[in-house]
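K.L.:
Handing you this structure, nothing more for now.
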């Protein structure tokens, strides 16, 4: 309700009140008469002080005009008195006997109009109250008045609203490019129509929360130049059955009247869920709404010039009919930003804020892996709030660092008092995580370790990946297991018994190990087989619970493999802490004194700690012997090897809004230019022809393998590969003109690495590799190649990644490490202790990012990997 409506309502009420008052004032003919007691009126009549009288029998009152006023009448000469109905005869006789000059008796009767008004007016008031209440319940009734609950609640954005443009969007370049094309089509359709191109009818933006889907829609609204309607998916669902379908029809009718236009439906999963969901199989009123939406999007009716943009973070629960081409022609993933995207987002949100010039925003972007745009905006805002709380004028590096910790782990619990012994346990626990991670070769470096209590944790050790990665090897996952068990191993080594503080570490280690065995096929005993299919929520169109597709014997073997992996990691962590016990004590003492240690501090403390050799490579190939031939080198590696300068990749085309300069005020990384303009491409590096001699396959120095290096005239044939080597005799006089033979310098020989057969390694089908599935019952969000899935324990909210039902392994075995010959279960998973650790639920929690597979982090914050120390809250 705007100000005009409020003012109009107040003015209407004031006018009605004034009319009622005027009617009551001017319609009263007793003005000027003073009401007195009946006894006073009778005494005036008896005293012959009355000149005239008027009896109003219906109102049972008498009006007297006096000769003169007195004290009894207050000096008034016109008085009015009431009398009971039984005394009306006596009053008449007294006035008649008083010898008045004149008197009159009036008997008023009610007119038919007054009678009707007295009967109808209460009903009008009651109906008015009823309609007012209904109007309030329906949120104003929308279009069509009070009974217009079947009308659409879509709001058309007005021109006076603040505009968001593509220049305000950072970290989602691909999504901006796709949406910019739609905006350009609406403004310049001739260029596309000349090529026979048709504008996409629908665009679905999907991705985890906080990645900027609604921001992109607002940018389209600010740039489109056509009517833009916005509505929420929940606006279609009301208390009355059939309202949703009616509102869908009315919304598209509005859109047709304003064509061309754009409709944005936020959180479309509220109305677009799969039909037939639930356990009872009963009728769901939302299915009518979805059916009507499907018909309006692509049915017999004409919807030319109407583009539907929808946003959701649950694309896997949408109905397949809604996702097909013709309805949502484009499905654009909006994921967590990479390093360049985080850098640009931080620049956007730091505009207008007094950031200290010495603050390292580049370093902040590197250590916030997995954070979404909303998280980064919250980091900058928290830093500003902390600065204001301390009466500062400039946002410093310390404020930014504290804000990251607050977003990831929660605020500090300054009032929490812990004993010296518990503090010492926490210091050794976090020191065990830190030392185990520092000594492992395949894990990100430790960025910070602290024993300060935050949120639900008593401390944490945080690792930050140096680069964004999408793959994780078996060795890296094993290194994470070793780091997870480092805290418990430190407690056992120093205090001779574990505590409940390692419960979350055990939980996360179990998830990693189980994922290695059941999802990633990293067990030689069980093979590259996926065990267990997550059915999902039955109320989202999924089957109920976990479908067990393996036998009890396989379940027992899975438990044994998981236990062996965790026990071997426990053993490795124990060995590291035992070897570098002095370093562990030094870390604990420094933490007790300073409470927080950074990477620079750890580099000094752990200078004598050497990286342990990799526990094992994945050599469990059975009868398949891996090749000793190294992989080919990338063009960049070849250029560096030749001493040439390799150019950095050219930045993506930058889009800017119409009339804006190509470079933005923050460096041009978040503005967007015309994508159709010719862009300057970097020149390819000039590579000299190779000289004759032994082919260089890029083997590292000191490489040794059977048959290496190959002799000059010896060729080796692989199945489907022709023999390589120089064709003919090389020209010794012109070595620079020699041509490389097929298969040399990493180039495939004819028949080698040939094109895949039809259907083999083909383009992903709809719903594959991150696109929403079009088959019911199959998860589609984040679907990737094996090894490209999310880090164990990292899943989107409401989408469990690991089976929630499994067989319980044997417990009660000793939890202390057992020495394994020949590398233990990491080298051969068939060997190892079958005993398991029995952990008591504690307070330590694993914090894992939601979208980045590089770093383990916490559910409480999407940044980096944290191993949190004991605390008494969980």
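Any Cβ shown, glycine's included, is placed from N, Cα and C.
Please treat TrEMBL annotations as automatic predictions, because they have not gone through curation.
Note that the structure is predicted; figures quoted are calculated from it, not measured.
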K.L.:
To which of 356, 360, 505 does TrEMBL also attribute binding of Zn(2+) at the site defined by 429, 433?
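P.N.:
Zn(2+) site check in TrEMBL: besides 429, 433, the record includes 505 out of 356, 360, 505.
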K.L.:
Of 209, 211, 213, which is closest to residue 505 (Zn(2+) binding site) if I measure between C-alpha atoms? They're all binding-site residues.
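P.N.:
Smallest Cα separation from residue 505 (Zn(2+) binding site) among 209, 211, 213: 209.
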K.L.:
CB neighbours of residue 208 (ATP binding site) within 10 A?
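P.N.:
A 10 Å sphere around the Cβ of residue 208 (ATP binding site) contains 22 other Cβ atoms.
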K.L.:
Give the sequence-ordered set of same-chain residues, not counting 207, 208, 209, 210, 211, 212, 213, 214, with Cβ within 8 Å of the centre of the Cβ atoms defining the ATP site.
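P.N.:
After dropping the recorded site residues, what remains is 311, 313, 334, 372, 373, 374.
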K.L.:
213, 429: which of these binding-site residues has the sparsest Cβ neighbourhood within 10 Å?
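P.N.:
Result for the binding-site residues 213, 429: minimum number of other Cβ atoms within 10 Å at 213.
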K.L.:
Residue 207 (ATP binding site) to residue 433 (Zn(2+) binding site): how many Å between their Cα atoms?
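P.N.:
About 33 Å separates the two Cα atoms.
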K.L.:
Please report how many Å separate the Cα atom of residue 211 (ATP binding site) from that of residue 433 (Zn(2+) binding site), as a whole number.
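P.N.:
Roughly 31 Å, rounded to the nearest whole number.
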K.L.:
Measuring Cα to Cα, how many angstrom lie between residue 210 (ATP binding site) and residue 429 (Zn(2+) binding site)?
P.N.:
34
